[in-house]
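Per Swiss-Prot, the features are:
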- 112-260: domain 'PA14' (DOMAIN)
- Asn46: N-linked glycosylation site (CARBOHYD)
- Asn59: N-linked glycosylation site (CARBOHYD)
- Asn86: N-linked glycosylation site (CARBOHYD)
- Asn113: N-linked glycosylation site (CARBOHYD)
- Asn301: N-linked glycosylation site (CARBOHYD)
- Asn372: N-linked glycosylation site (CARBOHYD)
- Asn435: N-linked glycosylation site (CARBOHYD)
- Asn457: N-linked glycosylation site (CARBOHYD)
- Asn562: N-linked glycosylation site (CARBOHYD)
- Asn628: N-linked glycosylation site (CARBOHYD)
- 1-21: signal peptide (SIGNAL)
- 22-653: topological domain 'Extracellular' (TOPO_DOM)
- 675-719: topological domain 'Cytoplasmic' (TOPO_DOM)
- 654-674: transmembrane segment (TRANSMEM)
Amino acid sequence: MVSNLLKGLILFSLFISFLNGDDKIFPVTIRDLSPMTNPDFEIKNNNTLVKGIVKSKLNHSDRSPVYCCGDNHAPSNDAYNFVVHNQSTFHSWFHDVPGVNVPVLSKLVFKQNQTDPRVFYYETPSFFPIDDLGFKDPNYKGKKINEPNYMSKDKFAHNYHFCLEMHASFFYIGGEEFNFKGDDDVWVFINDDLVIDLGAPHTAESASVDLDKLGLIKGKSYNFDFFYCERHTTESYIHISTSIDLECKWKDYCGVCEGTGKCCDVSQCTGSLSPCGSWECPPPNIGTKEWKYNCIMKEPNCTLLDTMCTSYECNAISKTCEPRENVDPCAYTNSCEKKVCSEELGGCYEVEKKCYSEAFSDPTCYELPCVNGTCTVNRLCDIPDKCIISTCIEGNGCSHLKKQCSDKDYCTIDSCSSITGECFFDRVKDCQPCNETLCATDESNLCVRTECNPYDNSTCNEIKLVDCDDGNLCTNDICDPATGKCSNLPVVCEIKDACNKPQCDMVTGKCIVTDNCNDNNICSDDSCSLDGTCIHTKKNCDDGNKCTNDFCKVDIGCVHSNITCESSSVCMVASCDSNKGCIESPIVCPSSAFCLVAQCDVGYGGCNQYDKVCIPDDPHCQYGICDNSTKKCTFKDFDPLPFRCQSVAVKAGVIGGAAIAGVVVGGAVALGLALFGAKAGYNHWMSLKNNQMATSSVNPLYEPSPHQGTNPLWEAPPT
């Protein structure tokens, strides 16, 4: 038989073990609202649950829920009413809006469940955390609102109009759960996914999440975001219990756990601002509450937008980059030419010559240069020699024929003055008599005659009466003996296509094709259509490397500049792959110790270090401890050990559903449970006059634990 002393020691041990639990304190942001500032509060509703008010994905950038329906009402179960007006009214639930809400930094204190040390809970049937705060705070300096008192059922005035947000994170180890019961709106996001959706003013509703069913990876960190709104009288009940090991890894400059700097108002930023600059809120990790002195000035670099044909400048009013007005990208170096700019064809190029004349359009005979802004004509066939007769042969250049000076006297030397063009016939001294028989000539040939040699009458000279050589290799020079006239016939070149006329090269005498479609732009590929139309297409500068920007400039040709790959977030490193282009990889954050895990967090603004989580094989029964000195994880049993973790021998010792003395099996354990069977023992204990524990209501023997602890005495074990 157990002695009375032993009974007392057992009872005392159980009582102390229940009361010595640890608390967890979580910072929360509560925004005081009012029906006077937001019509979504005290809105008519039939006290029923409405799902779908928020979208299934959290806005990751500021960790806020996204309203479902834009400028439309939220869905409702009541055809005559709605529960949210629009995205504008919803915005002030979880964002600071001066005059509409008042942010209040507060905290929730979670108690540890003694049945299961992993579980922490928060519960109150009267959840009014900001009574006499917010708009009613004596220190509130904003515009006062004329709000009536809203009374509870027991005729006490409370603040029934507020929204709360709590942010944390956790390393998933397995077996975690989250349970909620309460009113009104509640949304829970894990890893940015909506896992609990209890929308609209309603009576207390329950929801649970088994994290093992969410596809999470053990040892990986995940965000946890909790949103709660009280929007209607006359109750405010909340109960939360969870085995998720939530932690606040950092606080932003607003004092919010894992916040995104929502309290920042760029209109309050202080500093030197350039004419085209604008303020941006600082990253959450600046480590100071003086955010207004740490704002980041953003100024657009408009030169990055410049193209070959357009330059940009910043508009100081709109603070955006705009094209410069009245700026001609094609500055004329020659006022006789017209240029246009084409992004596709590589910049400025000549499209039209102002110096043009139909009479002087043959480029083989004429040039039309622009000199000091004036068009001039250069006649290529004109030479100063008066003894040369020059003409233009269209398409074949210049013909230069010598003036014929002949007196048909073999005793004279015939010449021409290049200055005056006058013929001279100088007599040869001691000219020898001519042997007419020897040097007889054909008088009918007017191109060539045979004359005696004035210096040697035993020989004759063949004299050209007409010199038809015009000095142009692109003509066939022929003298007609009957008439003595020259024919300088152009070389005939075969036509290749409808655009490009062939012509003879005066230097070589050979036919060449002059590219009439050549626009003198190295950034265009020129071709000719069947109908004789010139076609100019953009030159293909693609080098096959996806890490280069390939383009053409009229003064250079193809250019291949390296592209700049920008990362999508502070936690990604951008690089370039010649086959794939820009790619990203996660940034590697260095850790300073074995028991610290370095991770990059976008919300934090970069790398941060957290305590390493050691994952036991059975998280329900053990917890891990990291040792920097040994660089190992060790695991220890929870003390007291939850009933589900007890050995078979201990569990077998539970007689009739009672627990062996000294083993914590529930929040309310009486000594009589060790002496009597489960139900019989409990009934006997309850029948004892005035024998009640203050904690017995927390976890009664025959009711499930509201704090997620397993009650092994819920049913008597089979006999």
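Our numbering is plain: 1 for the first residue shown, then up by one each step along the chain.
The backbone N, Cα and C atoms fix where each Cβ goes, and this holds for glycine too.
Taking the Cβ of Asn562 (N-linked glycosylation site) as reference, residues of its chain lying under 8 Å away and at least six apart in sequence are, in sequence order, Cys547, Thr548, Asn549, Cys576. Set side by side, the glycosylation sites Asn46, Asn113, Asn301, Asn435, Asn457 differ in how many other CB atoms lie within 10 angstroms of their CB, and the most is found at Asn113. Note on the domain 'PA14' (112-260): DSSP counts are 6 helix, 65 strand, 78 coil. With respect to Asn457 (N-linked glycosylation site), the closest of these glycosylation sites in Cα terms is Asn372, chosen from Asn46, Asn86, Asn372, Asn628. Sequence-distant neighbours of Asn628 (N-linked glycosylation site): residues of the same chain at least 6 apart with a C-beta under 8 Å from its C-beta are Ala593, Phe594, Cys595.
Within the model, the topological domain 'Cytoplasmic' (675-719) carries an average pLDDT of 36.
Comparing the Cα of Asn46 (N-linked glycosylation site) with the Cα of every entry in Asn59, Asn86, Asn113, Asn372, Asn435, these being the glycosylation sites, the smallest distance points to Asn86. The two recorded residues, Asn113 (N-linked glycosylation site) and Asn435 (N-linked glycosylation site), have Cα atoms 149 Å apart.
Here the Cα atom of Asn435 (N-linked glycosylation site) is found 65 Å from that of Asn372 (N-linked glycosylation site). Around Asn372 (N-linked glycosylation site), a 10 Å sphere centred on its CB holds 8 further CB atoms from the protein chains shown. Checked against Asn301 (N-linked glycosylation site), the glycosylation sites Asn59, Asn86, Asn372 differ in C-alpha distance, with Asn59 being the nearest. When the alpha carbons of Asn59 (N-linked glycosylation site) and Asn86 (N-linked glycosylation site) are compared, the span between them is 17 angstrom. Its Cβ placed at the centre, Asn59 (N-linked glycosylation site) has 16 other Cβ atoms within 10 Å.
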